[in-house]
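Look at TrEMBL and you will find B:12-28, B:34-56, B:87-107, B:114-133, B:167-185, B:215-238, B:250-276, B:288-311 tagged as transmembrane segment.
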Amino acid sequence: MTDKNGFFDLSKSTLSRRTALKGLAAGAGLAVAPGFVRYSQAQSSAPVKIGFQSHRTGIGAAYGRWYEKTTAAAVKAINDAGGINGRPVEVVIEDDGTDPARGAEVVGKFATQHKTDIVFGTLFSHVVIGSAPAAGEAKIPYFVVSEGHHVASTKLNRYVFQPGITDVKSQIQSMAPWIAANAGKKVTQIFPDFAFGYDHRDYLPPALKAQGADVIAQIAIPPTESSFTKYFPQIPAETEVIYHVMVGPAVLTFVKELGEFYGSNRPQLFGFMDSLEATDINSPGLEFLDGSHFWEGSPRYAQPDDSAAQKAYRAAVGIDDNGAAVGDPKDVSTASHMFGCWETLYVVKKAMEDAGYKGPEDRAKLVEATEALTEFAEGPEHPQGPKTFNGKIHQCFGIQNISKVEGGKLKVVHKTKIEDGLYEPEGDYTTQAL
Amino acid sequence: MTEASPAKPYALHLGVIALLFALSFVLPDYHHGLLARIMVLAVFAMGYNMLFGYVGLLSLGHAMFFSAGLYGAGLTVYHLGWNVPAAFAAGLACGALLALVIGLLALRTTGVAFMIVTMMFAQVFYLVILYFASWTGGDQGLVVQQAARVLVLGSASLDLTNPTVRYMSALALFSIVLLITLAIVRSRYGRVLVAIRENEERTKMLGYDTFSNKLIAVVVSGTICAASGAAYALLFGYVGSSFASVQYSILPLLWVLLGGAATTLGPLIGTLFMYYVIDITSGFTSAYLLIVGIALILLVLFFPKGILGSIRQRWLGWLP
């Protein structure tokens, strides 16, 4: 054990002070060089890093998966076309567990550990609201694809934007003229007894009133409920339209029991596609929906009059004519919402280009450049349709689709106008300090 | 439980506080922010440990005390525009009052019944938050704006959203609660609690009023948990019903079991451990909860009394 071989025996070495200094200098040079190269690259070709707050686990997982697919497709399209300001886009994904507390931590992680340029992609409202303070404090722009009214309510902060999908208040308001004119004037609402349902409970009655129709009953169903038959006798006999927005696995039971309750003689049915996202419309039990109508953000099924941009978008994301994954007809997409990821990324691209965005030091400029946007024309970047953007409330406004269930498919029968969904701004984010 | 000299435990605890203070200056930004959050939630775990570890009462409803503090502080700022100290005090008061009422009712039961009763009350509390959604924001919750989260002290003002101020505030709360906990468990009262845990009948026979001792413990525990909730609302700016869900009743139990029940520093270690296991593993796989589960099983197998509990049992008998 005491035997020294020459290799490890430093006592024999003839290391002079000069040699040591040379070595140190060379080492220091080597250590600095890659950093220097990296720094010079940051000005030109270092990637734009986008922190994607994804619902990989938890109740939002079905949405999260399709949001990831759409985002990957959009990033590929952007990179193939030269990236943003000549820089490639790189997406860093963190799972928020669809939990608001973890969501806030994830935003912090993007801002301080991954050092991403922006945070993007959150869907569930409570996660957006829980994460918004963290984004505002870290002063990192936070682009959500949530459809909640929380951004437009101006109750969050100046760093939160929703430029790629319309909010639920606007969606509900746009539905009212069609419902009143085509489905009926006496409407009974059935909705889950939590926030998503409350948006419908609160925004539909005034919107219908303005069209000369009325909500004659509102039936809130506790989210824990698994059987609905006992609620149906509360539906007034004179009801002409049942407006339903049930979500989650219970929706299949809900529809089946509604079918058993009414038989063939039912009122008109109008629902929101949120109920059936990622669910096959031809699932057993959903036959009762035949002939009923749904709101759709972007149509699930390919339509005969689809624009070239819509076709290209569907091909890029990998969904077939039935809105399912190409090669796996059972993997139904969340088409009504996920287009928002695609469109939001193109808004980010436009705003970064307008701001001459170079890195995190330009985040405030990016916020201002986004606020300055006003219109997004329909096309490859906005395949769902044209939109306007209100920089004061950080929210976009666009067209909505009303589709009829016909022969096991959804056929778009009406497209609303942007103006149908406009409302008075409830505040102004631009007055807040950056 | 021999009479150890008080110097060692106090030196250890002050050392931990000093270490956390020093970490503030060396930790990278992300871990700095995360540790602030962990300290606040460790306070929640310490409150839970007070009842579970020292009195042996397993509650499955402590999320209600955390959320009483969370909403007590958050709603007074949001709706009434109260300042930070007043809102924090409101949070504490809500927690203490709720704990008193729940204690009076739930302490009529023991064992499994106590678990069920506390869980039911917590569920009622959760549903009440959802029911008054127009005030509480329901399941979406509310944001406490940055401008409202400023602590004004005379002419100076501290912005609680500043990372350093937030870290130091979290550390201050953590330190105060840690030292209070240490003082309680080393006091005569703390020994009575342990006696109740070990053999309540015998403690009664020795002439102690176990009901009121337990009631005080519930109130202290609930108030500490509420302090954590109130601090969470004011430091991190989000008030939401998910904190009142059953998940947040189970989490402190898990943190305490991991770190070591009936050890004063166990809650911090358990919270720290769980946070980092989730943070690191979620970077590799979306099945991270599976890994967390395996880690928990291994811990239970090899450290049945939790990390610090096992260390105390094997090596450091003097750990409080």
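In case you wondered, yes, glycine gets a Cβ from its N, Cα and C as well.
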Intrachain residues whose Cβ lies under 8 Å of the transmembrane segment (B:250-276), provided they are six or more past its termini: 9, 12-13, 16, 34, 37-39, 41-42, 44-49, 52-54, 58, 60, 62, 66, 174, 178, 181-182, 185, 194, 197, 225, 292, 296, 299-300, 305-312, 319-320
Cβ-Cβ under 8 Å with the transmembrane segment (B:167-185): same-chain residues at least 6 beyond its ends: 9-10, 13, 16-17, 20-21, 24, 32-33, 35-37, 39-40, 42-43, 46-47, 49-50, 54, 151, 158, 160, 193-194, 220, 224, 227-228, 231, 235, 262, 264-265, 268, 320
Winner by Cβ pairs under 8 Å against the transmembrane segment (B:215-238), considering only B:12-28, B:34-56, B:87-107, B:114-133: B:87-107
Residue numbers, six or more beyond the limits of the transmembrane segment (B:87-107), whose CB comes under 8 Å of its CB atoms: 59, 61, 64-65, 68-74, 76-77, 114, 117-118, 121, 125, 211, 214-215, 218-219, 221-223, 225-227, 229-231, 233-234
Remote residues contacting the transmembrane segment (B:114-133) - C-beta distance under 8 A, at least 6 residues beyond either end: 57-64, 67-68, 71, 98, 102, 105-107, 139, 241, 244-246, 249
